[in-house]
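**Q** For Cys70, Cys72, Cys85, Cys88, the entry in Swiss-Prot reads Zn(2+) 1 binding site, with the evidence type sequence analysis. Here Swiss-Prot flags Asp460, Asp462, Asp464 as Mg(2+) binding site. Per Swiss-Prot, Zn(2+) 2 binding site is recorded for Cys814, Cys888, Cys895, Cys898, and the stated evidence type is sequence analysis.
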Amino acid sequence: MKDLLKFLKQQSKTEEFNGIKIGLASPDLIRSWSFGEVKKPETINYRTFKPEREGLFCARIFGPVKDYECLCGKYKRLKHRGVICEKCGVEVTQTKVRRERMGHIELASPVAHIWFLKSLPSRIGLMLDMTLRDIERVLYFESFVVIEPGMTSLERGQMLTEETYLDALEEYGDEFEAKMGAEAVLELLRAIDLAKEIEQMREELPSINSETRRKKVTKRLKLMEAFYTSGNKPEWMILKVLPVLPPDLRPLVPLDGGRFATSDLNDLYRRVINRNNRLKRLLDLAAPDIIVRNEKRMLQESVDALLDNGRRGRAITGSNKRPLKSLADMIKGKQGRFRQNLLGKRVDYSGRSVITVGPTLRLHQCGLPKKMALELFKPFIYGKLEGRGLATTIKAAKKMVEREVAEVWDVLDEVIREHPVMLNRAPTLHRLGIQAFEPVLIEGKAIQLHPLVCAAYNADFDGDQMAVHVPLTLEAQLEARALMMSTNNILSPANGEPVITPSQDVVLGLYYTSRERINGRGEGMAFMSVAEVEKAYATGAAELHARVKVRITETIIGDTGERTEQRRIVDTTVGRALLSLILPAGLSFDLVNQNMGKKQISKLLNTCYRQLGLKDTVIFADQLMYTGFRFATISGASVGIDDMVIPDEKYTLVADAEAEVLEIQEQFQSGLVTAGERYNKVIDIWASANEKVSKAMMENLSTETVINRDGVEEKQASFNSIYMMADSGARGSAAQIRQLAGMRGLMAKPDGSIIETPITANFREGLNVLQYFISTHGARKGLADTALKTANSGYLTRRLVDVAQDLVVIEDDCGTHEGLTMKPLIEGGDVVEPLRERVLGRVVALDVFYPGTEDVLAPRNTLLDEAWCDKLEEYSIDEVIVRSVISCDTDFGVCAACYGRDLARGHIINHGEAIGVVAAQSIGEPGTQLTMRTFHIGGAASRASAENNVQVKNSGSLKLHNAKHVTNSDGKLVIVSRSSELAVIDELGREKERYKVPYGTVLEKLEEAAVEAGDVIANWDPHTHPIISEVAGSIKFVDMIDGVTMTRQTDELTGLSSIVILDVGQRGTAGKEMRPMIRLLGANGADLMIPGTEVPAQYFLPGSAIVNLEDNAQINVGDALARIPQESSKTRDITGGLPRVADLFEARKPKEPAILAEISGTISFGKETKGKRRLVITPADGGDHYEEMIPKWRNLNVFEGEKVERGEVIADGPEAAHDILRLRGIHNVANYIVNEVQDVYRLQGVKINDKHIEVIIRQMLRKCLITSAGDTDFLEGEQAEVSRVKIANRELIAQGKVPATFERELLGITKASLATESFISAASFQETTRVLTEAAVGGKSDQLRGLKENVIVGRLIPAGTGYAYHKTRNEARAKKNEPVVVNKITASEAEQNLADLLNLAGSQD
């Protein structure tokens, strides 16, 4: 018995650890792990199936094959535990030690570890400062390397071929030493004195000038320091002893028929042992050098294959022509250890089945088939049966359950009561893909799902399957109920809107109920209460849509929460009055007194949640659903072919369009328009025809004419089923109806270009063969796209989760005063996103004042909720500085104040909330809805870019942003600066519209002038770029010589002649160096200056500029001196959809990025080279000037002598995020990425809160580049974690030392994930080999800070409910590094262990 207790004690030891360190194993360490040397390649005896002695499965080394029994059978049973049999040498113990005991192989010759050799950058190569090519030649016995030069002219590490080696031998004899193979490399590595090398390199670093050399030395220094600090020795990168994996981890299983199934590793090990033994024999025999060398090379190759097959040369294949799976392959990739077994596991107590609708369920319920429940809850049922005394033993209970006795069902009901189960539908794209429900037992075999949670699961009932999981422990049940219950997940974590909004039938039913019909039965009746309306409807006195007067009672909840009732008479319909029955007390009847479309219902639920809280909303949502289903049934809405009414005008419209197309075709044939213009015009004609047809069709469908009570004709909204479905938002859209009853319109080819013959037919008329063929293009592309999209979107989500996984809320307030400036988003004349939506749920960073005063409206640290937002709107505040995670100062996490409101709960975020993962899911989940394509600008899209004026939509006053302007002779303003913007401000000072206006725009109104809606306030020529004069005077041509730098062209139509400047490439040699320009002279012939400066007014003319003036002409301020034709900017493909989002998060440089000014100053052009111009910026304060070479074909936005600000655009193009960060700062780059990502999602109608994108940006910005090291341990030019640098700086400042300075760096999400501090997390993401190699060399230790690392080591994650556990552990650890108390073994575990033991002891009697 004492033994038993000892046994139980030994079972409960859990290792307490705070980190995991990885390093290089020294040969002695490997020997210390080992339980014996494996000397023979034999595995098991094929007759007896017993392992061979000293072989790969040897029982003496690795442990017994059967529990508590030695190999020869002399000692059996527990009583001999720990005895080592003297006959066969096997220890009597459990067989599971064969999973943990390792062996080793003593290698006859050292072998390089391929990871440190071949995984780039090669660590051995960096260490020895030799090229990989050279080292490989030494290792694989192709050349010698000098180890000890002695007194010769050779130098250490010099390569010698066979011939040169022999020559050297003749010349020097044995003065020197040169070897080949791994021994040579081993000696070289052993000879390195780390401390000395490091000191030497640190001394020479400052004096190195060449950039590449400096980089190389820094790299080498970092590697050396990593070795030095970690205590690894460089020679350990060469193996002398090879560890052998425990045999149960590389099993060999006899199949029937005398064959064996085996792990590939056994083959690889056998190869190594064979070659090693042969090499030993050859060395004993003192065989010729060449044979030994060959054997050593083969040994090296076989060890390479064992460690990482296929890394060097061709992979070794097995009998089935497949490469063998090496140790490296075991851990990497989707099927590797990390992703297959550590990050995701299969679990028991789960089942799966098809789902069907459960329209009668409550929101927190799901229907569970009895069969499934019986299987899933078996242990609970056994326990209950035994506890009740219905069964005497577990065995008896088992029998009862198998027979399905009547009592079993009663017990099952009891067990299931209030025991939540979790339902999951794959793919689980966000956290709402697993929710908890209370099971309701049902007959049949399908799980029933509540219709309102379908949206969260993205489930439909066309054969979808779902999995059920049973939370077993009390804590698990508690979490399932409190956190995961479907009733607690009403709001979407992505945008804070309700996610349980009704859709489809329910919407249709509610919409139908709330419609009104003119002259319906019972119109004009008046009712004293809603109950009376119900009676009238039930008796048929009034129909559902009749317009009636009703006295309703509303409950009003005051600010303090007291309830008052008030009655009033409203004009409404019978249906709406019935809807008011389910309206919860406290909501106004006006919310349902309207046509209830999907949008309205969503708003109704949202209002309900904000005003009345969770419980009322859940009950109300259920009631809405039941009512919706009921009235949808009553409505009898159905679709017949006659519902698709084709408008009569369609045929005339199509005929007109065809006539126009013919006309253009004729113009084209007579050469008046080009092919491109013709194509664009044709597509335009058809696009507008399509619009007209669909407009006519919608008017036709949406209204019908009826006779009202007075016998007069009146129009009302139609009750056509198709129209109702689309209008309510239940199913279908205007675009789909257009295809049914209008015309299908233009189709695109698979490459995205538009086919110019449209499909004029619609589906009701039917398509002919050609039309059908054209439409198959689109349909197929759609299917292909969907397949690609899913994979791409999944990969994006994976990268996002990986980069953000360790971001958790860890404190209340970091105290920072920084934040992002939020303004309403305005594009052109539309407010795309009002300020309220952008700041709702955020915390104010700096006090917001009442407009025009110093009084504080919203003090710092106010959480802006709905009421506050109303207040801001009331005072027409149009910019607020709010806290953001990007500027949060918390180390290794964020604070609650910088994050603001938890969108899914509606209050400030809790500690321990895993905001990183939520952000990644919120951005990734709608990924499948985004498009995959790149838009080719063709036809309809390209004309948007050729705007030439600004027409305002609102009245107000005009305001200019960063615009320089001059006043021309007509008294109008002409803009002479780039990136100017023009805004319309209303009387309260709120910005209503904002437009970008180019250089050369003529404004019709002065600044601050009042404008009316519809006014055209600015004009410009979209096709040319003018050069505007800023002074008045006479012009003088410089360097403009006809036929050398310019030519004269005469316009055939007008007869006017103009001067065209030649490009440098078109000029003869004489004109190459000349620089054509226009100088402005005053009346006395002296140079004029540009106003306010000492710079003479001279304007350089670039190639292909057109000048319409003659020499010595007089001009005024604001006149155009010349025009540069804008090549209709080459139709660039706009990358849209998913690829665009991925590009932004990966921070990829665009192909031809915009060129931004690196410093502020004055522009001038230096000497040109072939194909490039030299742009020089000279700062005003006389500092160093900046030069950049720019290709000639880039269209520059700047002229000589112009002033630019740092970060201004010099040449147009897509802006690169890295440039924005460098030149305009962190907040600008954050705004840029947020807005660009939001643009893509907005196009698809997906709402995501900005916060989530900011969280990802924070993670992209977590590294920095050290610019000067100060007194820290960092190296200049090193990449370091910002938090680490900040912590180090704080300590230094406290001690009065010099802190390090750094520049923030923007990393793409893949790079950022791989650069994380935790090597476990990085290794499980991508490039496993590289990450592990790097970590091992540096002897890194993983502090298990993030979620992923903790999942991998099998702990609770430091977020959510696991946050408290980690907090107490860390506190205990900090208090005094005492061991944390481990839960002692519980009674039930002891019982279980005992049972196991008895089974073990009893099984071999």
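Glycine is treated like the rest: Cβ placed from N, Cα and C.
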**Q** Determine, using Cα-Cα distances only, which of these binding-site residues is closest to Asp460 (Mg(2+) binding site): Cys70, Cys85, Cys888, Cys895.
**A** Cys895
**Q** What's the most sparsely packed of the binding-site residues Cys70, Cys72, Cys85, Cys814, Cys895, counting other C-beta atoms within 10 A?
**A** Cys72
**Q** Using a 10 angstroms cut-off on Cβ to Cβ distances, just flag whichever of Cys88, Cys888, Cys898 is the loneliest among these binding-site residues.
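**A** If we count Cβ atoms within 10 Å for the binding-site residues Cys88, Cys888, Cys898, the smallest count is at Cys88.
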**Q** On a C-alpha basis, identify the one among Cys70, Cys88, Asp464 that is nearest to Cys895 (Zn(2+) 2 binding site); the candidates are the binding-site residues.
**A** Asp464
**Q** If H, G and I count as helix, E and B as strand, and all else as coil, what does DSSP give for Cys898 (Zn(2+) 2 binding site)?
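**A** Helix, per DSSP.
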**Q** Can you grab the distance from Cys814 (Zn(2+) 2 binding site) over to Cys72 (Zn(2+) 1 binding site)? Cα atoms, rounded to a whole Å.
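**A** That separation, Cα to Cα, works out to 69 Å.
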**Q** Cα of Cys898 (Zn(2+) 2 binding site) to Cα of Asp462 (Mg(2+) binding site): how many Å, rounded?
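**A** Between the alpha carbons of Cys898 (Zn(2+) 2 binding site) and Asp462 (Mg(2+) binding site) there are 44 Å.
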**Q** Return the member of Cys70, Cys85, Cys88 nearest to Asp464 (Mg(2+) binding site) in space, with distance defined Cα to Cα and candidates limited to these binding-site residues.
**A** Cys70
**Q** Which one, from the binding-site residues Asp460, Asp462, Asp464, has the smallest tally of other C-beta atoms lying within 10 Å of its C-beta?
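**A** If we count Cβ atoms within 10 Å for the binding-site residues Asp460, Asp462, Asp464, the smallest count is at Asp462.
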**Q** Round to a whole number and give the Cα-to-Cα distance in Å for the pair Cys85 (Zn(2+) 1 binding site) and Cys888 (Zn(2+) 2 binding site).
**A** 66
**Q** How many whole Å apart are the CA atoms of Cys888 (Zn(2+) 2 binding site) and Cys72 (Zn(2+) 1 binding site)?
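**A** Counting only the Cα atoms, the answer is 68 Å.
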**Q** Closest to Asp462 (Mg(2+) binding site): which of the binding-site residues Cys70, Cys72, Cys88, going by Cα position?
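**A** With Cα distances computed to Asp462 (Mg(2+) binding site), the winner among Cys70, Cys72, Cys88 is Cys70.
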**Q** Determine which residues of this chain, when Cys70, Cys72, Cys85, Cys88 are set aside, have a Cβ within 8 Å of the centroid of the Zn(2+) 1 site's Cβ atoms, and list them as they appear in the sequence.
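**A** Nearby residues not in the site list: Leu71, Gly73, Lys74, Tyr75, Glu86, Lys87, Gly89, Val90.
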**Q** Which residues, in sequence order, are found in the same chain with Cβ within 8 Å of the centroid defined by the Cβ atoms of Cys814, Cys888, Cys895, Cys898 at the Zn(2+) 2 site, excluding those residues themselves?
**A** Glu811, Asp813, Thr816, Arg883, Val885, Ser887, Asp889, Thr890, Val894, Ala896, Ala897, Tyr899
